[in-house]
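Report on the structure given below.
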């Protein structure tokens, strides 16, 4: 490896010649697109996106597989590279089958994430659902009531039964939002820019909302007495209560938007004034003029436009109604007019329409409800004359029509039937055939032949600099959601304009699945659509009270759960869709055969969709190269190549260990993980970095949450992290509906629910009674080491207060290393594995700590690896030598005997180790096998050795002999040489440090002997194995997440929180202190630390909060001296803390014994290894689930 200099995009970079162009670029913040590259796998070069130009080379080269030479000049973004990337992306798109976004999202003019908020509702996350909607729609409750929901027309659920009630669900969360106090989006700091918006309708409100969020000062000028536009004056009260609209508009004022009403453009203010006083202007004056009937008599009194009629009705202005009202038109406005007339008291309301009922543009439900309310319909008639008495209109003469061929709208064109006419008497004739813009107030601007304002369709710019326009003033009459979309898009353009940038409205490039057939929907069962309650027509038509009630909570969840989950669930992480947008790819330019593969894969954690696979190879390369598994592989050649599980088995029947690494590296939605929630839904998650709560390896995790649910747990990609199945997918318990929520007290076969405070108060009294009656050490505490150091400290204080030494865990072993070295802890750090000369893996390291095992696999590339086990192990594949031994101590005894006889100086050994002669006596009769001798030679000859031991399966006798070997050969107390004891639970080491170190067996032995009369069990399920022993107790109290066999047989049961709901620290297996961060708020309203602190307080212990605890740990725990000083900046901090970073290598100045020598210990045991026993409730539940679903973990 030597230094070289390269030039990338005119940047001179010094690097090394062992890196590819892509690696160098990424290290220096230069983006080169790629889909098949991973820092953890070898170069592959399959996607063709990373091509770059190299000066002097006629061909493009692949940056991911090209190693540069000194002085190389590279260009990453040229016409040639961009053209090549576009072609590659077009080819990938041509055989990519699926939907980037679901049909409902694509159909919505505002591209509201319908699937997102529907899925969140299904999961009970109403606050998050409303936040998601308000990213696009500022008036969700109003729009939910009035929108004709084009999203539902495209909903694929309609191909099974009926579409999802998307609009009703929007209304549901919108009204929750109003009732709770509306969510107000965060507003960025002021930019100092001012924007005037003319028109307070949907487009103006939307534009103001989004510009205000960007920090601009926005003033809305509204011509009417109140803002809302057509939502207020064009939608009747019975469909949209104005108090609800006001509540939503008030959100804008809370954001700092100023609304000035009764101010007309052209009369009260002018464009020249606005240009002079504002940095930008957005005109959204709407389309308030009714389209004329263009027939004689239209000018008579008694003839009115539909919008004017609705406006007057809203403002309670005088209207001459009479008894007979005729409404001309077939749209929703016509229905609103007719139904309003009924409510105002008209005895007869007649709707005239020139086509048939089937061609009416009004919503079907509007027509149906109008008929129920007494509105009459006459079809195939068109007005030809208004008849009057000289003062007012008295009738309307109409031409009968018939339907001809379809016109441009797709509807059949009405054709007059000559000589066939009909006349309708009327006191009021209302024209509701359409609306148009009144351009009189914007004469300075160019307009179209239809009277709308002329704009650049890409950026809303008018003919006057700094003046933008949108909504119906530009498009003509449209539905409200289209106006809202226009306002949002205009805000995006105006915001950039104010920043000095000219942009166009983004036009997403999405792949759409258009080849679905009836066969594709047969797998779904029919489910009844949930409908809102609608008042009977007899009640509806007598007032303007709202005609329907929102869905109930149960209905909303049930309805939202009907969603078929269309669209790509990897959308927010998909690299392919990002590149499609970046390069503006025409996804259907290249047409050809598309694969459609049948897949019946039942893996409970991982979803496969081979039709989205781009054959980047990252999944099977990572599986093999990173994890050492070959669960996935490539089948076939060329166009028909396909990634499949080995032997074409279902994934869960392959050698897959469910680590999820394939999902992490997949650049598309071909591999995704099932979220740990009831309803799968793609949304952008909140992320919190924390630590895995299963084994003691200390893997860093990223919790992805939304609301009060944790959806996923991911490895920390910033640190090339890996997780095992437990860490990655063992999160369902956090969201489980089976979690305990209320404490229970059981007495004489009676069960009583109490509060947490009441339960803790009762427990403290009961414990003190037992202590008082039976004396010292009459109480035992068993607690899973998944709790934090801070929680452990409080529990130890509780034990002290109860005058008992019996506090420990079923996960605890006897402190072997304490007896030999003086401190029961690993002597070296994980990082040293890559600098030693020999690694000895002992026990089921790969099986019980799969993520940690990848370190051994990587280290084995340059370090000799020897593994010892009585069973076959995955680690065998990476080992230089694998010893499959009988499950007794003979191999280790022979190893020790060979060491003593052939590899050490006995005199020196006696000087550095106590008890040497006793050890020698212990192994004197063992026969040294060839394998034991070989291993002793390998071990003794290595200058530096680290032994890695799986605590779960290694017997105490085996651990003693391994530690003895380290002492005899002086391979401990120095860097790169020692022992790493992989702990059973996440904070076993922290518990030991906090003084909770007694084995569960020892505690339960005292229960059996009658010494312990009261037992508190926290997070462990022990009843099945110790039911007879537990019968000796006077009190059994259990703290746990779920009902277990232990809780069922307890006197007091108190619920606890999950590790994702708390904060604190863990100390991992190499003594590194790591910070846990809260991902979601506790389900119980309180976390475990607070629960334990309350119990402590009831017992008279004065600990206030986590800060107080940290201070006390710093004072009382020797190895944590100064803990309070490093607590807020824990980064590579190890205990003991004799410096700011602590000690990574133990015993460099001698052992923690009186004479600084190690103490060689041993004991007879029939087994070298034991089966792993699991008592932790959460881990036990996960293992049961894995076994039930045939999952290897």
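Glycine too: its Cβ is placed from the backbone N, Cα and C atoms.
Quick look at what TrEMBL lists:
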type   : residues : note
DOMAIN : 2-80     : domain '2Fe-2S ferredoxin-type'
DOMAIN : 604-632  : domain '4Fe-4S ferredoxin-type'
DOMAIN : 647-676  : domain '4Fe-4S ferredoxin-type'
DOMAIN : 685-738  : domain '4Fe-4S Mo/W bis-MGD-type'
Seminar exercise, completed: Counting only residues at least 6 beyond its ends, the same-chain positions whose CB falls under 8 A of a CB in the domain '4Fe-4S ferredoxin-type' (604-632) are 35-36, 38, 40-42, 44, 46-47, 92, 96-98, 568-569, 576, 594-597, 641-646, 651-652, 654-674, 722, 725, 728-729, 846, 850, 853-854, 857, 874, 877-878, 1185, 1189, 1191
Exercise. Mind checking how the domain '4Fe-4S ferredoxin-type' (647-676) divides into helix, strand and coil residues in DSSP?
Worked result: 10 helix, 3 strand, 17 coil
Exercise. What are the DSSP helix, strand and coil residue counts for the domain '4Fe-4S Mo/W bis-MGD-type' (685-738)?
Worked result: 12 helix, 20 strand, 22 coil
Problem set entry | Residues in the domain '4Fe-4S ferredoxin-type' (604-632) grouped by DSSP into helix, strand and remaining coil | 11 helix, 4 strand, 14 coil
Problem set entry | Secondary structure content of the domain '2Fe-2S ferredoxin-type' (2-80), with strand meaning DSSP E or B | 9 helix, 21 strand, 49 coil
